[in-house]
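Trainee: One structure is given below, represented as structure tokens, and several questions about it will come after.
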Amino acid sequence: MADKKTVTPEEKKLVAEKHVDELVQKALVALEEMRKLNQEQVDYIVAKASVAALDAHGELALHAFEETGRGVFEDKATKNLFACEHVVNNMRHTKTVGVIEEDDVTGLTLIAEPVGVVCGITPTTNPTSTAIFKSLISLKTRNPIVFAFHPSAQESSAHAARIVRDAAIAAGAPENCVQWITQPSMEATSALMNHEGVATILATGGNAMVKAAYSCGKPALGVGAGNVPAYVEKSANIRQAAHDIVMSKSFDNGMVCASEQAVIIDKEIYDEFVAEFKSYHTYFVNKKEKALLEEFCFGVKANSKNCAGAKLNADIVGKPATWIAEQAGFTVPEGTNILAAECKEVGENEPLTREKLSPVIAVLKSESREDGITKARQMVEFNGLGHSAAIHTADEELTKEFGKAVKAIRVICNSPSTFGGIGDVYNAFLPSLTLGCGSYGRNSVGDNVSAINLLNIKKVGRRRNNMQWMKLPSKTYFERDSIQYLQKCRDVERVMIVTDHAMVELGFLDRIIEQLDLRRNKVVYQIFADVEPDPDITTVNRGTEIMRAFKPDTIIALGGGSPMDAAKVMWLFYEQPEVDFRDLVQKFMDIRKRAFKFPLLGKKTKFIAIPTTSGTGSEVTPFAVISDKANNRKYPIADYSLTPTVAIVDPALVLTVPGFVAADTGMDVLTHATEAYVSQMASDYTDGLALQAIKLVFENLESSVKNADFHSREKMHNASTIAGMAFANAFLGISHSMAHKIGAQFHTIHGRTNAILLPYVIRYNGTRPAKTATWPKYNYYRADEKYQDIARMLGLPASTPEEGVESYAKAVYELGERIGIQMNFRDQGIDEKEWKEHSRELAFLAYEDQCSPANPRLPMVDHMQEIIEDAYYGYKERPGRRK
């Protein structure tokens, strides 16, 4: 008779790979068929499959028990019931097909798709329940699954999978929706995990298997080992805690990975707890028996030289306590549920503090709460990172402290950890037989694995516009002599007036004090009149210190933009002293989503803004410009918390403003309105304000400068505030960005700087750009058309957008000339060489300015440098190229 042919390892590998490839190819066909199923069909299939498994839960438990020789039949039946009942009930209403969620407000639509062919790895500890669980969550998500069962539980696992598969096919699932390797081997399992047709690996098993799954170069839902401590703190319900731990540890002879591996007991209740523990047939081994138990379970004795390399004897997994004791060499009373061994510490020197997957538990005494938490933490970190930890206590705060201290994904409070860990019995954890350990356990999932983990959720995002706003002072008073409101304003007793020397010398401060003195109540006031043009942060800090000492209930900012800007930041520092100036000046894309959140103001004081120039609009805006003169920087600060409480726009306060000041501030108004009108953030609400302000400027500025008549001064004062209302909500653009930086470097007058730059900016923004802004409010580039609208309103030639742009730029330049402004920087006394040397730096700084993001087109540094260099000579001499 011929000798039987020996199969080489290579031949064995090829056979395994061929078998696996056939399974995966069938699964891929099934996947396409499963994609066609609707939600109703899927739910029907899952329901029928779960009922079939439920009907066979007892015979499957018996099969698993007989095949593996491990665990407890009744408990295996319970685990099968759990997989069929709790898991299915939890995902019963979960949508897993097609559109699963639509939100008309956010514009998001979520679409669920299967991940693809699933490789299912199952352990010997829970063979049938895990096969049922993974099959059902795969069917729920329309994923075909191919199993590699543990060799020692191949037949019972296949029995469970077959029942689910046959019921699913009968209910409408495609053939080969559930398959398995028929001849288990390491080669076959490896081939399955590494097959290119497998989309993901759902692995439950030992650390080596999970590590292998993660090394396959594809998404894996692998879960790690546990080493679960149960800390019984002195305030715990002792009888309940002992009952729960015995029930949990003895369940299926301790084979659930979430079962307790050590109980840590406060010294104050140690004896009482041990007595209660013993009443449930827990046997405490003596010193000699402990050594025998260690030797049998791990092949080492406590504190021996080779403790570090101790390995669990796989023979003990799921075996009864009586059998383990007998095999170890000692006897215990019949009916013993658990073997308990008192240990002195957690770690390598005490091998019984390792995971044991059997009815063997370590018992440790804790000297204090801190010691109890430390020992629990050490248990988790001793080859059980991320899995589970339990605490029994009546102290809610201690539970939180414990949860923070231990590196466990599941912290189970006052419950048996076996059932607490798998979820949905004693707590609201997701019901699962695959428990993720997060990054602590080097897992990709940090929760109980469920159907949702086997879905690709596609998001369809509809285009949306952010909710816009109009935020202004709660009250704005205007008309001549409207400062009389100060007589009637409520709750005014301690007033700090922030102003400058000019307001004192011109008598405006006295007029404000006069109104306060006419109140029925006595008003105490503090004056800070040291605000300089372009106020420095040091000035703001000095004013804030005075404010803190005085403790006002009302702040009055009197003057032009400088006193109002300085007063706003003093207000902020006074009410919120912990604020850092560097945080305030950071740039943002969306004022509502900025990295630094400004605190709300107004709890201590109200803020009343009274402008005495017609330019900044600061009385109604959330902006302030503060200088850092030591570093030649100007910082525009923006947040709606800086919006004044009340604005008083009294034209009687601007009648004596010199003509050259009226000219400069008037052109600032025009720049505000123009930039707000074409801003990315412009809206129907701001456009009307901006257009009216532009109209008022062109109709009244020249007369206001040359004649200083009441009518034109009043209209320009109104135009300033109206433009402020517009740009407070639409923001500004690069004319202001460049003006801020040029002013900081060369100390030019702000309004005049804007006047010189504005014609260039109009032509720049009026050209269709190659590079548009990111996420503007408009749906197509329309700045050129909006300039055309302005030109038409002013009666300028504007038959095309291009003509309107040129007409408006020219009109702005000519208006500046008519009111006496030298419309170039050369005539502002700036050296040409120095100007050119700084042009690049100024362009970079302007790009970083807070006004730049709202410019209608994305401002490029090179382009702004070119504008700055051309503006030295003026629009008439060098209008610049269309960019």
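These residue numbers are counts, starting from 1, taken along the chain as shown.
Just so it is clear, glycine is given a Cβ too, placed from its N, Cα and C backbone atoms.
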Trainee: Under Swiss-Prot, the annotation region 'Linker' belongs to which of these stretches: 457-464, 473-480, 609-616, 873-880?
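Mentor: Matching range for region 'Linker': 457-464.
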Trainee: With ILE121, THR122, PRO123, THR124, THR125, ASN126, GLY206, GLU355, LEU435 listed by Swiss-Prot as binding NAD(+) 1, identify the candidate in GLY107, GLY224, GLY335, GLY372 belonging to that site.
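Mentor: The one candidate that Swiss-Prot places in that NAD(+) 1 site: GLY224.
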Trainee: According to Swiss-Prot, ASP500, ASP534, GLY561, SER562, PRO563, MET564, ASP565, THR612, THR613, VAL625, LYS634 bind NAD(+) 2; identify which of LEU516, LEU584, LEU653, LEU655 is listed for that same site.
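Mentor: Of LEU516, LEU584, LEU653, LEU655, LEU653 joins ASP500, ASP534, GLY561, SER562, PRO563, MET564, ASP565, THR612, THR613, VAL625, LYS634 in the NAD(+) 2 site that Swiss-Prot records.
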Trainee: Within 10 Å of the Cβ of LYS634 (NAD(+) 2 binding site), how many other Cβ atoms can be counted across all chains shown?
Mentor: 21
Trainee: What are the helix, strand and coil residue counts for the region 'Linker' (457-464) according to DSSP?
Mentor: 0 helix, 5 strand, 3 coil
Trainee: Neighbour count first, Cβ atoms within 10 Å, every protein chain included; then name which of ILE121, CYS257 tops the list of recorded positions.
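Mentor: Per the Cβ count, the most surrounded site is CYS257.
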Trainee: Write out the long-range same-chain contacts of ASP500 (NAD(+) 2 binding site), meaning residues 6 or more apart in sequence whose Cβ is under 8 Å from its Cβ.
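Mentor: ALA529, ASP530, VAL531, GLU532, PRO533, GLY559, GLY560, SER562, PRO563 - these are the non-local Cβ neighbours of ASP500 (NAD(+) 2 binding site), listed in sequence order.
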Trainee: Among ASP500, ASP534, GLY561, SER562, PRO563, MET564, ASP565, THR612, THR613, VAL625, LYS634, LEU653, listed as contacts of NAD(+) 2, what is the widest Cα spread in Å, to the nearest whole number?
Mentor: 28
Trainee: For THR125 (NAD(+) 1 binding site), which of the binding-site residues GLY561, THR613, LYS634 has the nearest Cα in space?
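Mentor: Considering only the listed binding-site residues, the nearest one is LYS634.
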Trainee: Across the whole of the region 'Linker' (457-464), what does the mean pLDDT come to? Round it, please.
Mentor: 91
Trainee: About how far apart, in whole Å, are the alpha carbons (Cα) of CYS257 (active site, nucleophile) and LYS634 (NAD(+) 2 binding site)?
Mentor: 63
Trainee: Cα-Cα, whole number of Å: PRO123 (NAD(+) 1 binding site) versus GLY561 (NAD(+) 2 binding site)?
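Mentor: Cα-Cα distance, PRO123 (NAD(+) 1 binding site) to GLY561 (NAD(+) 2 binding site): 75 Å.
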